[in-house]
Amino acid sequence: MILASVLKAFQGLQTGLQHSYQDGSPSCPINLPLSCGNETAISDLCCFEYPGGILLMTQFWNYAPSKPNLNRTELEEELGPVDSFTIHGLWPDDCMGGYPQFCKRDLFIDDVDYLLKSDAFNNDDTLPIQGEELLNNLNKYWKSNNGNHESLWIHEYNKHGTCLSTLQPQCYSRWNPTTSQKGPKYYKKKAVYDYFRISYDLFQKLNTYEMLAKHNITPSNDTSYTKSEILSALSSEFQGTQAHINCNSQNALTEVWYYHQLNGSILNEDFIPLDPLRSMSRCKDQGIKYYPKGYQRRDNRGPNKKPISRGTIRISQYGGFLIKTGRWMKRGTPANFELIESKYGNYLLKSRMGYCTVHNDKSQLDCSSRSPDYATQFDYNEEKGILGYSGSFEWGAESAPKNGRTSRSVVFAVSNEKNSNLKYKFQLKFNRK
């Protein structure tokens, strides 16, 4: 169990003891364990975050502009303030390091700007921050690498925000008795407002630029740093807990992730620092660059983006390949797949039948979606050439296909909590052409 020695103090559930909050805040048992700290199931998912009980505040350091010779105003409009990291997202990971994604289609949004400008979230003294002020903060500190910042916000909420159990509309009806007449439509919008408000609040508390500067780690065209120097500086400002850093192919710092457990509902904003569950980082031990915003390579290009790759997908251990529907066969012709770098990280996978998805209910692989908007984002380990999903690179099937050309087996993603008992376990090897 995570932090078992600490979490013993939180074990047990005594529902008679309640917090007393003002209207609009959760009223939950005071002695619930931290998220991912329970030893028995907890049914009240308005008070206990599950399955995404590990909350990551992820931040970008985007330094390369789209074109040279931008002035400071133009540079900050594109990349954010020169003396600040920007927000990538607030992600709920499961307790073993995997992560759910695009959980509830009925909660998906296609707009943030209009929602935060609406009367429902302005001119209301009971709100911690007015919607238009929050929107201004997002425009300043939550930047997309493609220039369409709102598209990143929408993506982050649909992919991650809809997976937060304590932000579901049915929870709001419990915490807001005086506004219960507003109903599910209002609560759906309130969850969007709260997701971005809480993300921004946590980002402000974790000022990575200042944390590094306190330890004389500042952006430079020439100076380089060791991984231990950067991690030590962050740890000393993050309650002695480690952060996770990532670099691009030039070994330049690009991201910092902060892991947390959650005490109660996310609406309480009681985040407890946690050491990273993932250790894989592209940053080398030595020679890490921390370039100032506006820096460009001598050939005037920003960091390389991987081109679209084309190839087949082979099954490790048992032999065979994937066909265009995403099923496993042993005889015949393997399908061609495209591995496409997503706008916001990770990869899309596409056959001529359509984009591949992993259905959340059974984690079954299917490649027939016509739209890329909500296609699954896959992990790709370039060194090993294997495909993964939600932090796991293991796949499986209940049965193996026979040698006939019509025999096909359904493929499932495997995680510590799903499909771990499948008879056949393997990896999906992407063979580039």
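Heads up, the Cβ atoms here are built off N, Cα and C, so glycines get one too.
When N216, N221 are looked up in Swiss-Prot, the one carrying the note N-linked glycosylation site is N221; the rest have no such note there, which does not rule it out for them. Between C28 and the candidates C47, C95, C103, Swiss-Prot records the disulphide bond with C47.
Using a 10 Å Cα-Cα cut-off around H160 (active site), the recorded positions C28, N38, C47, H88, C103 reduce to C103. A Cα-Cα distance of 19 Å separates C47 (disulfide bond) from C103 (disulfide bond). For C95 (disulfide bond), the nearest of the recorded positions by C-alpha distance turns out to be N263; the candidates were H88, C247, N263, C283. Comparing the Cα of C28 (disulfide bond) with the Cα of every entry in N38, C46, C171, C283, these being the recorded positions, the smallest distance points to C46. The glycosylation sites considered are N221, N263; of these, N221 has the fewest other C-beta atoms within 10 angstroms of its C-beta. Geometry remark: C103 (disulfide bond) versus H88 (active site), CA distance 19 Å.
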